[in-house]
Amino acid sequence: MHDKILILDFGSQVTQLIARRVREAHVYCEIHPNDVTDEFVREFAPKGVILSGSHASTYEDHQLRAPQAVWDLGVPVLGICYGMQTMAVQLGGKVEWSDSREFGYAEVRAHGHTNLLKGIEDFATDEGHGMLKVWMSHGDKVTALPAGFKLMASTPSCPIAGMADEARGYYGVQFHPEVTHTSKGREMIERFVLEICATKADWVMRDHIAEAVEKIREQVGDEEVILGLSGGVDSSVAAALIHRAIGDQLTCVFVDHGLLRLDEGKMVMDMFAGRLHAKVVHIDASEQFLGHLTGVTDPEQKRKIIGREFVEVFQAEAKKLSNAKWLAQGTIYPDVVESGGTKTKKATTIKSHHNVGGLPETLGLKLLEPLRDLFKDEVRELGVALGLPPEMVYRHPFPGPGLGVRILGEVKRDYADLLRRADAIFIEELRKTIATEQDAAAGLCEANQVGKSWYDLTSQAFAVFLPVKSVGVMGDGRTYDYVVALRAVQTTDFMTAHWAHLPYSLLGRCSNRIINEVRGLNRVVYDVSGKPPATIEWE
């Protein structure tokens, strides 16, 4: 049985980052709403509790409080931003509205020596005070400490930016240690979880396989399972894990809608049917999908058509498998959290995979979600541990509608053929081009990134087909061919993104190869838009 940390969510946009930091310390944790019952908290039996931030005001919203059981358990508690404020109020301190709000970067001075911040600092002042570079986002502030607490940190505009009751293991910080802008934040969360809560760092994916396999076998018994295999990371890892558990009781259905990446169908079949010896039904439905997309230019309409056709094709195939009692999905933990589907009284909706939404009810199948407790990086780690090739597990995200939303306007087979070849060249060049010291000196990458491929240094990269023609010259002849745009971004969370500053030499090779090797294209452009204002995908 793993030690557990309970994270109570008060509505912060970055609560998932808290959980990721805890998991990165190899400690299991779960996010649950702040209004869970005392009974739930006691039954969860955490080794420690973390209270998240919130957009709410502590003194205006008296409903957003931690359950009393949190304070009765006798385990350490860390309050972050709003979490610190509700800790103060619930334990007898005072919180007031501040006319000097703090949003963004700040420097916090540590006071005294506390178990949480001992030895953790970004720099020291001439007077010897330890200073921390942090990220603030608050309007209210604690103005009176609860009994038993001492001052732990401050800023000029927030005299109580941190507080500690060492005897009970209660700590509050007004800043956000979970975000990357707080440079020592990861160390603080690790200190709280590993040392103050005294948890065992035993949440390791390689060890998780045995537990997951046993759980799947207990759930499924001798019944059969079907899974929609897309070639994406989540469905691929789910398929490999379920196959490890129940072998031929799993049937994967791989639908080729004609909008996949170059050789993707072959790669999926080679991996699952060839290497893992899994049962895979390969359906070429490209004519059906492309036929229904004829004349359609609206992006949302294209998505709906592709989703609808997938459901029809998958449903028809699933009905042939009369012995199947389970539908497996690659749902991961962020999907569960965002849909309110955590393991509490609020677990009313499950965010279905975009391709199979509604299918469990339609087909009368039970739902199997073996990855629902894992974050994306944990899913990738699990995939490698299961023997999937890293180039499959660490592929960039690919939209469910595939190239259908990377072809602007109407989708045609010819357009898809041109795009997938251009996209493959771009990805190939990114994979084989290694970041150099010259790239670092030019500010294109960090010094510690030298030696990595530019594919690994970008979060997502792809080509976009533009249905416009431009004039060009090839040899002695004039051409009038199509244009492709290359897009590469760097991001930590995909909520915001910077366009990747790729070396000109790399972009030049991509352009030369695409124009020379893909007949029908004569111009290549590079997208230098960030998110916001642009989105990562064009449609």
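Count begins at 1; order follows the chain as displayed.
Any Cβ shown, glycine's included, is placed from N, Cα and C.
These numbers come from a predicted model, not from an experiment.
As written in Swiss-Prot, here are the features:
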type	residues	note
ACT_SITE	Cys81	active site, nucleophile
ACT_SITE	His176	active site
ACT_SITE	Glu178	active site
BINDING	Ser230, Gly231, Gly232, Val233, Asp234, Ser235, Ser236	ATP binding site
DOMAIN	4-202	domain 'Glutamine amidotransferase type-1'
DOMAIN	203-395	domain 'GMPS ATP-PPase'
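Residues Leu229, Val237, Ala238, Gly330 surround the recorded ATP site, their Cβ atoms falling within 8 Å of the Cβ centroid of Ser230, Gly231, Gly232, Val233, Asp234, Ser235, Ser236, which are themselves excluded.
Listed in sequence order, the residues of the same chain lying 6 or more apart from His176 (active site) and placing their CB within less than 8 Å of its CB are Val14, Gly53, Ile80, Cys81, Val134, Trp135, Met136, Ser137, Thr182, Gly185. Of the listed recorded positions, namely Glu178, Asp234, the sparsest Cβ surroundings within 10 Å are found at Asp234. Here the Cα atom of Asp234 (ATP binding site) is found 25 Å from that of Glu178 (active site). Cα of Gly231 (ATP binding site) to Cα of Glu178 (active site): a span of 32 Å.
Distance from the CA of Glu178 (active site) to the CA of Gly232 (ATP binding site) is 28 Å.
Residues near Val233 (ATP binding site) in space but far in sequence (CB under 8 A, at least 6 apart, same chain), listed by position: Gly330, Lys376, Val379, Arg380, Gly383, Met392, Val393, Arg395. Listed in sequence order, Leu229, Ser230, Val268, Met271, Phe272, Gly330, Gly383, Leu388, Met392, Val393 are the same-chain residues at least 6 apart in sequence whose CB falls under 8 Å from the CB of Ser236 (ATP binding site).
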